[in-house]
Amino acid sequence: MYLINQNGWIEVICGSMFSGKSEELIRRVRRTQFAKQHAIVFKPCIDNRYSEEDVVSHNGLKVKAVPVSASKDIFEHITEEMDVIAIDEVQFFDGDIVEVVQVLANRGYRVIVAGLDQDFRGLPFGQVPQLMAIAEHVTKLQAVCSACGSPASRTQRLIDGEPAAFDDPIILVGASESYEPRCRHCHVVPTNKDK
């Protein structure tokens, strides 16, 4: 999968919540470290669910990360000795993230990004669709539907145990208490007038 003759490319890891995106990002970063490559990991400041300075998977795996407020802040932390740039929760970054990732790949870095490809409504989320379009490698992971056990490609937001309405805020950082994986058929997004 990674037989590329020239340095610099983009890998996207996407899927619903609880599909293993952060776990896969951590796995890839650790593999590069075993190969004596230099990697740096970034995360958005907004993601402080488990740790402010680590990327942490839902099952507890973690790797040190640099929290940044804006996409272009990433450039301040890049050195020539770096081989791999990893970015978790990429859907929370501003619109400049696509350009930042392109520039890094064009400079010869292997760039690995992970994030939700759909928001809780089942619509494309943030800049992830654009990143998928320009990536050399896209890995779409699925979870298991918490309602029926089928493969889950969507994220259900729950508020007091009930599905969130379509016009609720898009970004609400949470974990198992407010989100669960759902398949296409069990994913429900009512309008406020339906509630």
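Using N, Cα and C of the backbone, Cβ positions are placed for all residues, glycine too.
Annotated in Swiss-Prot:
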| type | residues | note |
| --- | --- | --- |
| BINDING | Gly15, Ser16, Met17, Phe18, Ser19, Gly20, Lys21, Ser22, Asp88, Glu89, Val90, Gln91 | ATP binding site |
| ACT_SITE | Glu89 | active site, proton acceptor |
| BINDING | Cys145, Cys148, Cys183, Cys186 | Zn(2+) binding site |
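The Cβ of Lys21 (ATP binding site) lies under 8 Å from the Cβ of Ile13, Cys14, Gly15, Asp88, Ala114, Gly115, Leu116, Leu141, each of these being in the same chain and 6 or more residues away along the sequence.
Lys21 (ATP binding site) falls within a helix when secondary structure is assigned with DSSP.
Rounded to a whole number, the C-alpha distance linking Met17 (ATP binding site) with Cys186 (Zn(2+) binding site) is 15 angstrom. Around Cys183 (Zn(2+) binding site), taking its Cβ as the centre, 21 other Cβ atoms fall within 10 Å, counting all chains. Here the recorded positions are Glu89, Val90, Cys145, Cys148, and the one ringed by the most other CB atoms within 10 angstroms is Val90. Taking the C-alpha atom of Cys186 (Zn(2+) binding site) as reference, the shortest distance to any of the recorded positions Ser19, Glu89, Val90 belongs to Ser19.
Of all the binding-site residues in the record (Ser19, Cys145, Cys148, Cys183), the one with the smallest CA separation from the residue listed as 'active site, proton acceptor' is Ser19.
The binding-site residues under consideration are Met17, Cys186. Their Cβ neighbour counts within 10 Å are lowest for Cys186.
Taken residue by residue with DSSP, Cys145 (Zn(2+) binding site) is part of neither helix nor strand, so it is coil.
Neighbour list (Ser19 (ATP binding site), Cβ cut-off 8 Å, at least 6 residues apart, same chain): Leu141, Gln142, Ala143, Ala152, Pro181. Each residue contributes its Cα atom, and for Cys145 (Zn(2+) binding site) and Val90 (ATP binding site) those atoms are 23 Å apart.
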